[in-house]
Amino acid sequence: MTPQRIAVLGATGSIGGSALDVIAQHPGRYRASVLSAHRNVDALAELCARFRPDLAIISDPALEGALAHKLAALGVDCMVAAGPVALEQAVAGALCDTVLAAVVGAAGLNSTLAAARSGKRLLLANKESAVCAGALLHAALREGGGALLPVDSEHNALFQCLPGGRPDHLATAGVRRLILTASGGPFRGRTRGELGHVTPAQACAHPNWVMGRKISVDSATLMNKGLEVIEACVLFGAQRAQVDVLVHPQSLVHALVEYVDGAVLAELGHPDMRTALAQALAWPERTSSGVPFLDLAARGKLEFEHPDTATFRCLDLAYQALAAGGDAPAILNAANEIAVEAFLAGSLPFLAIADLIEAVLNALPAESVRTVESLIHRDLTARAKARAMLARMCC
Ligand code: NDP
Ligand code: MG
């Protein structure tokens, strides 16, 4: 068997690391042929020394020389490219068969769309691109004719519980509801009064999952679940009233599909992204992931409760953006990225994240999405608006 050549975009991140762990377990089956990072030259060079890709990409163009120098010092002989466009060229080029889109944030949009247009298999972790550009992503997938495999654990679980992975119509498939589970994050059960002074370190200390800092904060605010509700509507053609969220502190059940006859199918597994990544890499086959098998008797109780949306307002803001339609989800996402960045930098209190996002959504009524260029323009407008409001909030 010729190994499947994988482009790992965001190789130095949490998802990138989990994917490379699975890839390393199956050397005859997979090969990491393209690896990318944004600024982390040392980590990228070390991954290149270990995985020997054909191409290494550093998306900050100022760091191309530093990467070439480091690779030479490590004795690694691979091509080097730099800049955001290099990602798009690589996914469209001849060096890979499959693309793992694991860049964080809307920065992953163009490379995700390029991968969809290329017709290669697209493993989608970068939920922000589905949230911002659902219709454009579907158009690109139609143009390319390739398959999209969801990596986000809830959507990967839905894919496994739905007939054929992604039925043309949920209603015809007898699906009543899609239910996403949320761990509740590190602040589950806290009141607003107790959240006034929480720190970035506390927000990033997720009880079950080990993830990058941005998604960890999203998980603490419940915006991650909000983005995932939008992602579920985009990936599975669901209406917003068909997607519900349940808090499940053990994070063993990742999502459930409720059918019209009352049957509920769920996918269970340890909170370890290697299971979803192994499923998406091997589909329609199965391979081992390195994740231990689940011992339910040892884990004991599985608990479920409704989310506290009065304390964690970001989930409702995401539903509101869905209801507004057009590019409102992209505005929500852009405002959230600025708010999270400010919170991580210590310049915005935790509870003000939702306030800032709400203010930006109110200031920029939804417009219809026509082209990638107009969407990117709106994303930049929303970021500028969020920064201006932030400057006023912090004074
Ligand atoms: P990390 O922050 O751990 O990693 C992000 C990766 O993207 C790094 O390789 C980083 O490079 C690269 N990157 C950052 N900014 C840019 C940019 N502007 N252009 C190009 N590359 C960039 O994130 P995660 O791995 O946690 O998350 C990645 C994506 O997967 C997100 O969309 C997240 O929502 C989604 N996801 C993550 C899960 C998880 O368990 N972590 C679960 C489900 C979905 P560098 O190291 O150089 O900064
Ligand atoms: Mg998820």
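Positions of Cβ are set from backbone N, Cα and C atoms, glycine also.
Some features that TrEMBL has for this protein:
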- 6-134: domain '1-deoxy-D-xylulose 5-phosphate reductoisomerase N-terminal' (DOMAIN)
- THR12, GLY13, SER14, ILE15, ARG39, ASN40, ASN126, GLU128, GLY212: NADPH binding site (BINDING)
- LYS127, SER153, GLU154, SER183, HIS206, SER219, ASN224, LYS225, GLU228: 1-deoxy-D-xylulose 5-phosphate binding site (BINDING)
- 148-236: domain '1-deoxy-D-xylulose 5-phosphate reductoisomerase C-terminal' (DOMAIN)
- ASP152, GLU154, GLU228: Mn(2+) binding site (BINDING)
- 268-384: domain 'DXP reductoisomerase C-terminal' (DOMAIN)
Binding-site residues close to ligand 2 - of SER14, LYS127, GLU154, GLY212, only those whose C-beta is under 6 Å away: GLU154
Candidate binding-site residues SER14, ASN126, GLY212, pick with smallest Cα gap to GLU228 (1-deoxy-D-xylulose 5-phosphate binding site): ASN126
Close-lying binding-site residues around ligand 1 among THR12, LYS127, ASP152, ASN224, GLU228, where CB distance stays under 6 Å: THR12, LYS127, ASP152
Inter-residue Cα distance where the pair is ASP152 (Mn(2+) binding site) and ASN126 (NADPH binding site), in Å: 8
Output field, Mn(2+) shell: CB within 8 Å of site CB centroid, site ASP152, GLU154, GLU228 dropped: LYS127, PRO150, SER153, HIS155, ASN156, LEU180, ASN224, LYS225, LEU227, GLU231, ALA232, HIS254, ALA255
Proximal residue to HIS206 (1-deoxy-D-xylulose 5-phosphate binding site) among binding-site residues THR12, SER14, ARG39, GLY212 (C-alpha distance): GLY212
Secondary structure composition of the domain '1-deoxy-D-xylulose 5-phosphate reductoisomerase C-terminal' (148-236) [DSSP: H/G/I, E/B, coil]: 40 helix, 11 strand, 38 coil
From binding-site residues LYS127, ASP152, GLU154, ASN224, the one whose Cα lies nearest ARG39 (NADPH binding site): LYS127
DSSP residue counts for the domain 'DXP reductoisomerase C-terminal' (268-384), split into helix, strand and coil: 67 helix, 2 strand, 48 coil
Three-state composition of the domain '1-deoxy-D-xylulose 5-phosphate reductoisomerase N-terminal' (6-134), taking helix and strand from DSSP: 65 helix, 28 strand, 36 coil
